[in-house]
Amino acid sequence: METKYIFVTGGVVSSLGKGIISASVAKLLQARGYNVTIQKFDPYINVDPGTLNPYEHGECYVTVDGHEADLDLGHYERFLNVQTTRANNITTGRIYQNVINKERRGDYLGKTVQIIPHITDEIKRNVKLLGTKKQFDFVITEIGGTVGDIESLPYLESVRQLRWEMGKNCLCIHLTYVPYIAAAKELKSKPTQHSVKQLQEVGIQPDILVLRTEHEISADVRKKVALFCNVDPAAVVQSIDVPSIYEVPLNMQKQHLDEIVLKKMGMPVGPTPEMKPWKSFLERMKNATETVHIGLVGKYVELPDAYKSINESLFQAATYNDRKLDLHLIHSEKINDSNVAEWLSGMDGVIIAPGFGQRGIEGKFAALKYTREHDIPTFGICLGMQCMVIEFARNVLGYSDANSTEMEVNVKHNVIDLMESQKSISNMGGTMRLGEYDCILQEDSIPAKAYGTTHIKERHRHRFEFNNEYRDEFEKAGMKCVGENPDTHLVEVVEIPSLKWFVGVQYHPEYGSTVIKPNPLFVDFIKAAIQK
């Protein structure tokens, strides 16, 4: 069959959940047997979000091929249980970079390079790239930003052109917000009407409206929206707030969103899929009665989205252990040796979060010293693993000045050092050790038992590594290097076998954890926290 293209736009306000709606539509179509992928077009001029502060844009997600991407790609992978690549996330920066490179090569034969047609043609080429490179039945494209933003205009113009070119093979879903005025006890549809009008002004008539709301939308309000927005009444769907994002696909299925999509694209509907594995996960989530208390120690905790994949991985792992997750976000700058016991009181397990830079690092050392000495299950990820190594060097090996050369360039005991391959690199963007790499685990180690194998592949995002010159000292003192890259012998995993569960990983296991297939290490960590 010819590839079908679905565009998802948003209006009224930002952060409505376009990524969740896109992933939900994809999940429902996937459950019907279709091969589906999702891509995100971000209107900012950064080439990728790799150099963005987490406070600016939340977590930077990493794909298997080493692309630093928007956190929505994490939602796509967690919902669909399929991997994405750099082709699934495009920014305005990349579009302009490609066009300027073509102009410099002379590809435009001396033409004046303009927004239309050159920028819009490059956007259209990237929209269709996944559909032409691989055999996808559906390519869902989420357009970042809000209708009316100046940054989004070239993307909307590209969507307008594609709808005209593709005809029945193209469909537009517009997500809006219906506010509730408490004083009047009334839902107001006017913002939605204006948002759709803005979309129509750039030449796009939405086929389906999804109304984000905190209260049930009556049939009368839906009919009113349909009338004023020129949309079929059956194609006006509500997305009411739910306790978990994983409930959204089933809510959309109850309102026949996938059937509406198929009918509008002239495709057979067939029977409604049962989605048994998804429903089973939700049942376990709802039936859990006991709680596991996990402390996440990091420096970006004011914005939970900064650790989105870790949060979701912990939630999935808790569900598969039949527990509710009580996640305590603990700011590492607030922890010190005198108050650490108070901050970590009642925690069944502790995560030492990834990150960069000196700020908040001493709080992580204080937390690690406490969890190591009190045998509390502890999981260090990326910088968290490096902090485990530094804390152990300071307080067990006796190197009080031990540090990473990231924090102290000329430190004497550089137990964490800049990777050899990074020493000649000056640019920051896209230059780290990125993407999926092999790791060989020791047979008797906690990770090997958790994964059920000694050969794994996980994703990375770092410049610094364990200094192998100190390896023997660490091993003799009780911290074992139980995972390494087979080609470079880079230490990927450390653990202290004498403790219940004290594991640090250089890679990011959270990026590969999905609803249907949670990462084994997270599941095992939660299991250890329960048994504490």
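Residue numbers in this text run from 1 along the chain shown.
Note: Cβ is positioned from N, Cα and C throughout, glycine not excepted.
Summary of the site annotation: TrEMBL records ATP binding at Ser15, Leu16, Gly17, Lys18, Gly19, Ile20, Val242. Screening the candidates Asp70, Asp72, Asp305 against this entry identifies Asp72 as the one listed for that site. TrEMBL annotates Tyr55, Gly355, Leu383, Gly384, Met385, Gln386, Arg463 as L-glutamine-binding residues; of Glu68, Glu342, Glu406, Glu443, the candidate listed for that same site is Glu406. Spatially, by CA atoms, the recorded positions Tyr55, Glu406, Arg463, His508, Glu510 include one closest to Pro191 (UTP binding site), and that is Tyr55. Fewest Cβ neighbours within 10 Å among the recorded positions Arg463, His508: that distinction goes to Arg463. Taking the C-alpha positions, the distance from Ser14 (UTP binding site) to Leu383 (L-glutamine binding site) comes to 32 Å. When the Cα of Ser189 (UTP binding site) is compared against those of the binding-site residues Tyr55, Gly355, Glu406, the shortest separation belongs to Tyr55. Separating the Cα atoms of Glu406 (L-glutamine binding site) and Gln193 (UTP binding site) is a whole-number distance of 52 Å.
Residues Ser14, Asp149, Ile150, Glu151, Lys188, Ser189, Lys190, Pro191, Thr192, Gln193, Lys224 are the ones the record ties to CTP, and the longest Cα gap between any two of them is 30 Å.
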